[in-house]
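The structure appears below as structure tokens.
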Amino acid sequence: FYTAAGLVSIYLNEQTHTFKYLLRLGPGLFEVGDEPFYHLFDGQALMHKFDFKNGQVTYFRKFVRTDAYVRAITEKRVVITEFGTFAYPDPCKNIFSRFFSYFKGVEVTDNCLVNVYPVGEDFYAVTETNYITKVNPDTLETLKKVDMCNYININGVTAHPHIERDGTVYNIGNCMGKGATLAYNIVRIPPTQKGSDQRCIHERFKPSYVHSFGMSENYFVFVETPVKINLLKFLSAWSIRGSNYMDCFESNESQGTLFHIARKDPGEYIDHKFKGAPIGMFHHINTYEDQGFVVVDLCAWKGFEFVYNYLWLANLRANWDEVKKAAMMAPQPEVRRYVIPLDIHKEEQGKNLVSLPYTTATATMHADGMIWLEPEILFSGPRQAFEFPQINYERYGGKNYTYAYGLGLNHFIPDRICKLNVKTKETWVWQEPDSYPSEPLFVQTPEAVDEDDGVLLTIVAAPGSQRPAYLLILNAKDLSEVARAEVEWFYLDTFVTLN
């Protein structure tokens, strides 16, 4: 029932300003026949839906009928290689056909377990490959597999786009460029027509792993971390050696972290080199402009090591002492604020270019023109991560804001819901023994005045309870409980109505 990642989607009835339904997406199947999946991000996509009506909550869930899922269920084995699980050829085939199948390349998975978001009037479940899956948000039926390569020049996009008020969707991906290099492209999907525009940001032979990006009112921010995808392994050695996605990652210890800025209109790259110490990064919290600066708040992991190395299911299923022992070797999580100056003059080298009075973040120009960024730490605790962040996105996305909400990870175990005041660094926590929530979603109270006037929705797994899962509604101001709707343990594709 626990969902490991993904943006929660809440849809409101515009006439009554009441909840209509909540969609949640995550991994839901970790064994097929006698074959297990090995990584947390290998589980087959399961979509959850909560309908709100007349004081009742109706729960429904279905597996997304991707090719990866349907073929695995049909053949009772792993058919398509996932993030950390390699799909071997059909054992029923003779030795010659199995040998030659290694040279045909490995199919790219369409297991869309990360997020679901609207494009125009349609809804798509997505992962980080070039495949997205159209779904019916009312029935959760799988409608259509879409290969984005047929429409835009990309090899994959992030699962965390930005959506403007008019429905315009912005995303970032990569594509093959000239001379066997890669370009990072910004993809724009207008709300009134199909297709997209692309803006090339930067080129590298080994692209960085990109999970999300920042967007303010006028700028895009792309953080290029030291975690790289080795194209040689991805394009050739993978199919020969029997590798999976995880085998294609490596870290460039000497690179540090590069920050790229592009204007939204006109679409153009700002040719300044911004650099900081190496970090791992998956989720941006918010990005906004203030007095000639771009403020970038994000969830960081110190150093150059890839955090996904610690999310193998074998590690997470170990006893608590072993889980903590492994987590002590992982990078330290922090919430960081970087400030990027837009008005830069060569004669200011050696000087802190950040003049905002409310932050200790700095930007210093070196003699070669490179601008070194040092962050302000907004939250840090020993092996305590503030991750999967949410804000009052409708009103404060891309704007100066105060509050962020997140899932608290204790040595990678999600055991709390957190609220952070990014101005004062004050924190609030909801936590219950043996209860494991998923990332919270903020829903604003109609006609709200305060930024945090609303509720948080989260799904909590409580495996030791008589009813081992529930939808929890918290007051966003102080994280006090408003209501909960408990769920029995059900077989798949189940309707339940809860008072």
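Positions of Cβ are set from backbone N, Cα and C atoms, glycine also.
Taken straight from TrEMBL:
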type	residues	note
BINDING	H160, H211, H283	Fe cation binding site
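Other residues of the same chain near the Fe cation site, with their Cβ within 8 Å of the Cβ centroid of H160, H211, H283, are T158, A159, S212, F282, H284. Of all the Cβ atoms in the protein chains shown, 19 others lie within 10 Å of the Cβ of H283 (Fe cation binding site). Within 10 Å of the C-beta of H211 (Fe cation binding site) there are 20 other C-beta atoms, taking all protein chains into account.
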